[in-house]
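Before any comments, here is the structure.
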Amino acid sequence: MENSVQTVENKSLPFLEVNKFYQQVIFGLLVLVCLSGFVSPPVALLLGLIVANVSGHPFLHLNAKTINILLQLAVVGLGFGMNVNSALSAGKEGFLFTIASIVSTLVLGSLLGKWFDIENKTSHLISCGTAICGGSAIAAIAPVIKADEKQTSVALGVIFILNSIALFLFPAVGHLLELSQQDFGLWCAIAIHDTSSVVGAANNYGAEALQIATTVKLARALWIIPVALITSVLFKNKSSKIKIPYFIGLFILAMIMNTYIPQTALVSPYLVAVAKIGLTVTLFLIGAGLSRGVLQSVGIKPLLQGVLLWVFIAVATLGSVMYFN
């Protein structure tokens, strides 16, 4: 999962030409606001978007690595608030949904890519990002198919734009349809691309939704490995190393400790609280990386592929969850 989020080159200037010092002050103050614990993940994302397009991100070169580290630490911290038995139950329920959605998304993505005449590697990266776990999947697959910087950046741009929309849209739809905590957690784990937005949306919906969504999403992330292996065969590249999301093991260890070591209960609430704040800051940083340059670099055809794939998986999963549950 290292370097799972890459920064798209920002060639457009922010709306205001702010002195570098004041740019850093504004950015630092907003980070402190997100660290306060009084800002929800969607609001943090919105603040990041405002910074990206109004004053600019003063530390854009550090954004990708910081997002990766914070997200992984946040996910591990959330494990201290979860029970192994409940997680296994959620994982079993989401297993069939996961397989069906990954296969159908990859097949449909390939067809859409050919229909829109999108460059093959870009199309495959968008499909993998939608099918598995967003930016992490793209980062794992990109070296396997020897994608260049532009192909990777376009795919990441599509995924992060849709992730930002999902963070606001999914909880609203869930409440409108009166989805249960269980149904919403399963739905957003499968239908939202990136782990950060899945956890952010589920956290807004409720504690049970958060547990189910996090467990199912991380189990889904493990599918990076077989998909990367199949991809290496399809693209005839057997020499590339596959990035394995090792931090998921730490998440599982945290759940085991929380379930079977009573003393962990003394610190678990604090670790979970810190993890949620870390997630909030992560989403602020993701928003801060979505400048006009990112939006302009994507292009209409790749965006259409991403949108259609996303609508397909969201509607199909929602219908399945409501029908079978």
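Glycine too: its Cβ is placed from the backbone N, Cα and C atoms.
Listed features, source TrEMBL:
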TRANSMEM  25-54  transmembrane segment
TRANSMEM  66-88  transmembrane segment
TRANSMEM  94-113  transmembrane segment
TRANSMEM  125-145  transmembrane segment
TRANSMEM  157-177  transmembrane segment
TRANSMEM  218-235  transmembrane segment
TRANSMEM  244-261  transmembrane segment
TRANSMEM  267-291  transmembrane segment
TRANSMEM  303-324  transmembrane segment
Mark yes when the transmembrane segment (66-88) and the transmembrane segment (267-291) have three or more Cβ pairs under 8 Å (sequence separation 6 or more) and no when they do not.
yes
Stretch in 94-113, 125-145, 218-235, 244-261 most in contact with the transmembrane segment (66-88), if contact is a CB pair under 8 A:
244-261
Between the transmembrane segment (94-113) and the transmembrane segment (218-235), do 3 or more CB pairs sit under 8 angstroms, pairs being 6 or more residues apart?
yes
Taking the transmembrane segment (94-113) as the reference, which of 157-177, 244-261, 303-324 gives the largest number of Cβ pairs under 8 angstroms?
303-324
If we skip the immediate neighbours and take only residues 6+ beyond the ends of the transmembrane segment (303-324), which ones have a Cβ under 8 Å from one of its Cβ atoms?
97, 100-101, 104-105, 108-109, 112-113, 116, 118, 123, 126-127, 130-131, 158-159, 161-162, 166, 173, 177, 179, 183, 186-187, 190-191, 193
